[in-house]
Amino acid sequence: MTVAASEPKTGGGGGLKREMGLMSAINVIISVMIGSGIFVSPTAALRYSGSVGFCLVVWTVCGGISLLGALCFAELGTVVPRSGAEYAYLIEAFKKSHSFWGPLPSFICAWVYVMILRPAEIAVIILTFAEYSILPFRHLLGLEYMAADDLHLLIKLIGILGLGIITYINLSSVKLYVTINNVFGFCKVFACLVVIFGGVYQLAIGNTENLAGGFEGTNTSPGHIALAFYNGLWAYDGWSSVTTITEEIKKPEVNIPRSIMIAVPIITGLYVFMNLAYMTVLSMGEMIASEAVGIDFGDRALGSFSFLIPLGVALATFGCALSIQFGVTRLCYVASQEGQMLEPLSYIHVRRATPAPAVAMQGILALAFILVGNIETLIEFASFLIWFFYGAAVVALLALRRTQPDVHRPYKVPLIVPYITLAVSIFLSIVPVISDPSPKYLFAVAFILSGVLVYTPFVYYKVRPRWTNKLTFLIQVLFEVVPSSSKLD
């Protein structure tokens, strides 16, 4: 693509800068993995496991399985030192295998993540932030007396404000993002510890009645066991997040594996002990029936400090949305460098070293999803593709070991681990379709096919409408961006 003659491309933007150390990398993983789920609805694994004992086993094993998957990405992140996670690994492994089919998997990955999945997730998460941010002030604001439509509008307006703030942060500078994300990371871990120590206190005063059953009532049905693990593993999603920002991690060959090995076990411990804490004051039936387990726990166990739970949910969701947007903009950046998205999405702000056009695009898409509303189903039909792409990335790992056996691998995962992760990814891609066969999965297929229709003329045949020159010129002037150094070479 070429820009208009009146505005030639110029250098000066450099590229993404390595401004994130080990602690920041750990906090990225924590921010994405710990959202609202563990506070609001961690009950599906309990429902299908059938007993408190087996439920805790499920949460522990799921944490271990997630760590195995994350270690595969740790190797890939050191072999392919680019941002974009699955996208970067697919393009590296298969791009040269066939002129048409080779780059297609990476494009479909970017198409799903960038255009639907991530901005829709951000919209849902930021609306959850809005809902829980006003809960501590519900009496002060008189929310009990507000009409449902007015309350819904208030939540949506606060959500749009929150989206504007996270987009501004990610536009401004990586250092600002790192600072804010570190603060929110520590705050959400503190909120988790509040729940855990509340449970410890309940155990200390003898509230063990709900735990006395142990493994009594455990479901032995293979279908129920599969669904218990399926729901547990989804709660751990986000372990690959640090590899979406590889180009901004200092010493990635060291800090990516270390951050994964530290963060995932920490989150596993938090999740297991938070579920144990919930069980000290809520019976199985109460947990399964609860609309917000953490809120019910806080009302019973924390007394006047119960406001810490909705505050914790608000902090967790804000930090989660902030980090998801930060990561997906880097995927835009890399896909654009590969010629699979509009070229200006790889441009860098001349002073702030942020991919400003990519950030702005993600903000606009998330805003559109907020305004449309009722997008949970959209996320459901697209979400099962996440583990499909995880599996594809593991296939890329195995392919790279064959095609690039002599490449230096600072970290190399044992061969059994990729095969376990691949089996889990196939399982998680198939289970939702089998357990709930629905026409909504046809929409996922239709969206993939629409991606192929875009890919064929604009990526494979490199068709460039004339208006893209004017768009590039407009974006450069509006956002003060220039091609990154890698685009100039």
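Any Cβ shown, glycine's included, is placed from N, Cα and C.
Whatever TrEMBL says is automated annotation, not expert-curated.
Quick look at what TrEMBL annotates:
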type	residues	note
TRANSMEM	20-39	transmembrane segment
TRANSMEM	51-77	transmembrane segment
TRANSMEM	98-116	transmembrane segment
TRANSMEM	122-141	transmembrane segment
TRANSMEM	153-171	transmembrane segment
TRANSMEM	183-204	transmembrane segment
TRANSMEM	260-281	transmembrane segment
TRANSMEM	307-333	transmembrane segment
TRANSMEM	354-375	transmembrane segment
TRANSMEM	381-401	transmembrane segment
TRANSMEM	413-435	transmembrane segment
TRANSMEM	441-461	transmembrane segment
Which residues of the same chain, at least 6 past either end of the transmembrane segment (354-375), have a Cβ under 8 Å from a Cβ in it?
16, 114-115, 118-120, 122-124, 126-127, 156, 159-160, 163-164, 167, 170-174, 325, 328-330, 332-333, 336, 344-348, 475, 479-481
For the transmembrane segment (381-401), which partner among 51-77, 122-141, 183-204, 260-281, 307-333 gives the most CB pairs under 8 Å?
51-77
Would you say the transmembrane segment (441-461) and the transmembrane segment (307-333) are in contact under the rule of three or more C-beta pairs closer than 8 Å, pairs 6 or more apart in sequence?
no
Does the transmembrane segment (51-77) make contact with the transmembrane segment (413-435) through 3 or more Cβ pairs under 8 Å, each pair 6 or more apart in sequence?
yes
Have the transmembrane segment (260-281) and the transmembrane segment (153-171) got at least three CB pairs under 8 Å, pairs 6 or more apart in sequence?
no
Tell me, please, if the transmembrane segment (183-204) and the transmembrane segment (20-39) are in contact, taking contact as 3+ Cβ pairs under 8 Å between residues separated by 6 or more positions?
yes
